[in-house]
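Going by Swiss-Prot, these are the annotated features:
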type	residues	note
ACT_SITE	Asp1068	active site, proton acceptor
BINDING	Leu941, Gly942, His943, Gly944, Ala945, Phe946, Gly947, Glu948, Val949, Lys969	ATP binding site
COMPBIAS	1400-1413	compositional bias 'Low complexity'
COMPBIAS	1497-1517	compositional bias 'Basic and acidic residues'
DOMAIN	51-221	domain 'MAM 1'
DOMAIN	231-269	domain 'LDL-receptor class A'
DOMAIN	275-436	domain 'MAM 2'
DOMAIN	935-1211	domain 'Protein kinase'
TOPO_DOM	26-851	topological domain 'Extracellular'
TRANSMEM	852-872	transmembrane segment
Amino acid sequence: MDYITRQTFVKLALFIFTVLRSSCALLEKAAEDPVHPNPLQSSPAEDSDVSFCDFESPCSWTLSSHSTGGDWFITSAQQHRSSRRDTQPIRDYSTGKSEGHFLLLKPSSSHLSAGRCSFHMTSPVVLSSGPFCHLQLARFQPEPHAGNISAFVKHTDSTDIKPIDLTIKEQESDSSQWEVLEAVIGQLNEPFQVTVQYSACSSHEVGFLAFDSLELKNCVMGDDYVDLGSDCEKYSSLQCHSGGCIEKQRVCDFHTDCPEGEDEGLICSTLPLGSYCSFELGSCGWLAADTQSSWRLVSGQQLIEDTHLLGTTLKNTQGHFLFLKVRGHGDEREALVQSPALPSTISNQDCQLQFSLYRYGDFNGTVLLSVVESGASAPALIWERSGHWKDAWQEITLPITEILNGFHLKVQAFWTSGSKADIALDDISLSAACFDTELNELLHEGLPHDLDFSPLPEPSASEASPITWWFTSCGASGPFGPTQAQCDSAYRNTNVSVVVGKEGPLRGVQMWKVPATNTYKISAYGAAGGKGAKNHNKRSHGVFISATFPLEKGDILYILIGHQGEDACPGRNPQTHKICLGESSVIEDGFDSDGSALKWAGGGGGGGGATYIYRMENGQPLPLLIAAGGGGKAYLEDPESSQDQSFREQYENDTTVSGVSGRSGAAGGGGGWSDVSSLSWAGKSLVEGGQGGSSCPEALSVLGWATFGGFGGGGGACSAGGGGGGYRGGDAPLLDDISADGQDGLSFVHPMGKIFLQPLAAMESHGEAEIVVYLNCSHCKTQSCKRDEDTKLILCLCDSDEVLAPDNVTCAGTKHSLCQFINKHLQHNSSPLVCPPLVVPMGSLADGPPSLVFIMAVIVSTVVTGVVLTCASLTLIYYRKKNHLHAVRIRLQSPEYKLSKIRSSTIMTDYNPNYGYFGKAASLSELKEVPRKNITLLRALGHGAFGEVYEGQVLGMNGENTAMQVAIKTLPEICSEQDEMDFLMEALIMSKFSHQNIVRCIGVSLQILPRFILLELMTGGDMKSFLRLNRPRTNHSSSLSMLELLHMARDIALGCRYLEENHFIHRDIAARNCLLTCPGPDRVAKIGDFGMARDIYRASYYRKGGRAMLPVKWMPPEAFLEGIFTCKTDTWSFGVLLWEIFSLGYMPYPCKTNQEVLEFVTGGGRMDPPKSCPGPVYRIMTQCWQHCPEHRPNFTTILERINYCTQDPDVINTPLPVECGPPVEEEGGTVIRPDGSGSMTPLLVARSLSQDASPRASITSVTPQALKPRLQLQRPVHLTQEVGTYRETLEPCWAEPVPASGVCPGPWLQVPEHRPCSRSSSSSGSQKLKNKTKNLWNPTYGSWVLESFGRGKSALCHTQSMPLSCNPTSVSAPSSTSEHTDPVVEVNANVSASPPPSAAPSQTTLTPTAAPSRKSPTGAAGVSLATVMDLAKLQSFPCGNVNYAYDEQSYETESLPVVVSKSLEPSTSSAATSSLVALSQPGSFTHKPLVKRHASYGHEDVRRYTQPEKPTRDRDSGFSLSEDLSVTPV
């Protein structure tokens, strides 16, 4: 039953969908094919077809008929046979076939005898015609006759008849003898008809007469193609729009020959670059061929103040030109300028070269012009001139007699010593016929852009949509307005047609003719101001204002579109370019405390130009609407001004208020309406032409910094910004203050207009203007209306709850009200409509308020539904995320998988652009991208801060096709946005460095995932590991010497000096961050990790509350107390680095926690010298540790003192200390990752020094030397066998607590206050948990990530310190902290161990939460248990900022595993839930998990799962989370 019901609903839905689709299709078809209400209206193409008759189809021409049979017959050559073949055509004219039809005149004899001698053909009515309208027809009349053929034009609304002359245009040469007759009609603005008449009064006079192909050509306005007139040859002349022809040689010769100027318009803009150049828009590609040439682009206005000119013509020359000043006293004897590469010419008949040359003075030399063809051995000389000329321009025209194949023009001037002359070059043109023969086709492409003020159709209510005219700057910018050619190109294919003024105050002003009398809404947009060199966050916006004006047909509106003020950057020369890049601060340094200029000036932005719309009355301009321009920004942003500070825009509407220009100071004020200013840097008023001001003289003379104001009165800039143009110009600061912006101009609305939109500063670029036919909605109730697209009528708009009445004016509330309105206006004899009842919607107040039960039911159902959906969504998200992470961990766990996973992908990157290095902005485009195909990964080196680090090869980096060994840092594909930003920032930082003691960034590969950073391969590893590995020991001598240690210190000092000189603060100079090129004696130490610098520069502040790690033991007091980081911070860190080097890799401040180090350093304490440290070296350390940063030496001084040490025999001959601690294998073992992990959970080993601990939970060892901290593991099931590893070695004696004095009297190191290394009695179990950590380290290029988990929390610490004793048999307390302390992780055990001060050193008690008792397998002198230990596994996550947990793959095992069978005894305590790891006697198997220990910290912001409780003490790792310190953001 349900199935049948569903089928029914489906069929019903399909039926409804089909009906709706059919209805929509009918509506769309009706919309696409509208019904024309006037059948007489047709398109121009249809009119052209109607006026053409070839008699192959029905013809619209009317034929005379004086008899019932008719006088004209349509026939063909096959149908009409004659006895004489030469008296009839063998084919028609239109088709050229014998089957084609033509019109034959064959009057009857009775008609001729009646005296009717006239026969005619009349065209259909033509509404109007263009200037090239003409009649064309074909006639066949083989024998001369007395009959006469004529044509005339008759206007339909009058009796006037205008005869037109028929002339023979062409005649077929074959026997068909068809003649083509043509008569010019011309432009007619009234409807007319054309009549062709033949007069003959006898059959003999008629003879055989046939017509074909009657056509009115080019008579319909708007034809895309216009045939040439009869007096123009298509391929040898150009037809002007208004009639007449000019020769092709005169096209594009800088002389306007056509009345409308089309011969110098769009055609010339299509010519190749450099072939038509007046130098008004730039050099057009004409450049000096050598850098020593003196040719330069100038204008006549720029030469007015030049007193060294020899003549006056150049000063009076308008526009720009190339200028060469010849002065024979110098070494220069020639100058050369050449054009850009030009294409091949296609004709040599009408091709000619024309240019204007000026040469005046005592010139002992020659000026020559040559053509250099591509591939030619020598240039072809086409013109040469020497001698003396007058002080005037000479126009030179040269014919190009040969077809050139790819060439350029070259103008050379040679002179001898003693010459003194001025030479100028202007208006260079190769005629358009050189490159294109179809000039008329090029011209007709621009016909929609007629330059005359041809009236547009008057807007009416029947138009489909309001007409809009949009005016722009025509692509021009700067202080001068556009040209006619620019506006013609910009308004192409639009309805805008303007004439641009060329001279005087109207230069650059666009003139537009109002097409119809109506009310227009005019909107004006002022231009924005320019940006300052270092004040480019936000520009001053131009003002938008709109008003309505009544305009009459034929009115001329003058529109000046404002140009944006020029930005100060990029600079015009290398010095200003450096200032823009932030590499130079000469302007800030050259200003007084009050902000006034001392020497340097420039760098401000120019003022924006205003947009003026006005018209002429009695020869004087009358402003209608003025949108003010924005002021220019100063060189620097005012720190006291708010970024969001805004001012209320104002406007003036009183014409009696004078439109003065803004006040000018060091920068130029904005131009007003009718003011006059003599300052060149002030913006000109509109009556002066509205040109933008130039830069202040100081900026031009010192820095050559030219920053102009925009066209429209924008003021020129200095260090302060220029004022904006307007009705009243914006003021500029009186003093050249580097942070004083120019003010905006004042807008204006004429009282005759009505404000439509209040002014608003919103324009961010050049100005604009919009003119729209305004819809008058005053008759509507809501004062708002629109134009209906179907009826073309204006319809009033009603509110959402109202309906428009049939009168299209009134709004009725409901259908009931509408019905009442209709009945009210019905006639008396009409029956009223039955109105529907007034329906009140449910739930309204008519039904009363809803009940409380209903409200509660709705609320409860909503809440329940929301909770259910929320829970379901969260559950789904949780399981999906869990499964996804599990899959990702499995896939990305192996480094070999990443080796094979190279997949193409597009990089999407974002970074903070506000921070740069070495004064330069950081950009990803500066990184050297290496194609992925050139990179080969060889093997994995380790895991770094982001991902795996590989050794690889890259091709093509050294200029040869040889492979370069590199280290490759990778960023996993699946990572957070912060990791990606950190990765890119580290690449940007390292790419900026170029020094022999800083690891070099070879390149990057960011376009394909995973992303790579290619670094210099450092095979020697990090310095800390190298020093620890090469310590001299009792049975092992070291190859290191004191001189080699000094060389390593010198190498790092060289790198630090490079960073210091470039004002770069490293923030973490330490041995762990220094790498060695090789382990041999030729090693070079380099700085290789910029983790902290990356974190600082990646964000705009130092995150105090984040999880960033701070190297406390390497930081000076002002850094961790006040958050101040300077170059002196690195000096302090370098002192600690020296201590590390000469202690051979020990942790600074031994046995001190971070908090103790803070108190120790701030209290004035400093570390003692390492053992065997030479005195001069220790003095360098203490000088680096001066409390006052100013007293610390810079790295140049440090380098000098290190060099002195290298030359001191007492220093370099000092022997290195011999260590009697553990063998080297315990410090540098490799990590062995077993295949299986088991299911063990690591637990904390709670150790107590108390002798009165519970004997059931303790095991006493009789051999204190063998006591080791062990890892207690909890197993959910009993295991019978385990794989264990052991290494019987002695712990170092320097990390153990000593209960009695004198036990730890280090012979070469005295710790301040003689504090033992034991934990205080206040240390809690949670603190011990925090002190146990896991170190993850990339041996060569990685960063450190330290993390441990315990009871839902993690901690970051380190376990390295200095040895306190050299006695290998010293008693070791298991609760002590050594340099090789085993990691211990607490999972769910509650441990509370507080050893008393009197704990015996010879006995250790391990107290777990619960542990079953075990018997020693040996049962000998002590308890020796085979511990149950499994290897922890290191979880590898796909991102750099990850948490690392312990599992079976994180410990180092012995090469020979020992399988020990264990039997687990049941626990006698109900609380015993975990197994115990015991300690063994000497000779028994001792399982000691070994972990690589190196001092570092995690550069990434390591996130812990939960927030741990605040510990009382920290491990002596040297690092602390930033949230534990009071760090001021920097």
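Every residue, even glycine, has its Cβ placed from backbone N, Cα and C.
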Would you count the other CB atoms within 10 A of the CB of Gly947 (ATP binding site), including those on all shown protein chains? 28
Across the topological domain 'Extracellular' (26-851), the model's average pLDDT, rounded to a whole number, is 78
How big is the gap, in Å, between the Cα of Asp1068 (active site, proton acceptor) and that of Leu941 (ATP binding site), rounded to a whole number? 23
At 10 angstroms around each C-beta, which of the recorded positions Leu941, Asp1068 has the fewest other C-beta atoms nearby? Leu941
Which residues of the chain, 6 or more past the ends of the transmembrane segment (852-872), have a CB below 8 A from one of its CBs? none
Max Cα distance spanning Leu941, Gly942, His943, Gly944, Ala945, Phe946, Gly947, Glu948, Val949, Lys969 (ATP binders), Å? 13
Using a 10 Å radius on the Cβ of Ala945 (ATP binding site), the other Cβ atoms enclosed count 26
Coarse DSSP state, helix versus strand versus coil, of Ala945 (ATP binding site): coil
All chains considered, the count of other Cβ atoms within 10 Å of the Cβ of His943 (ATP binding site) is 21
Simplified DSSP label at Asp1068 (active site, proton acceptor) comes out coil
Specify the count of other C-beta atoms within 10 Å of the C-beta of Val949 (ATP binding site). 25
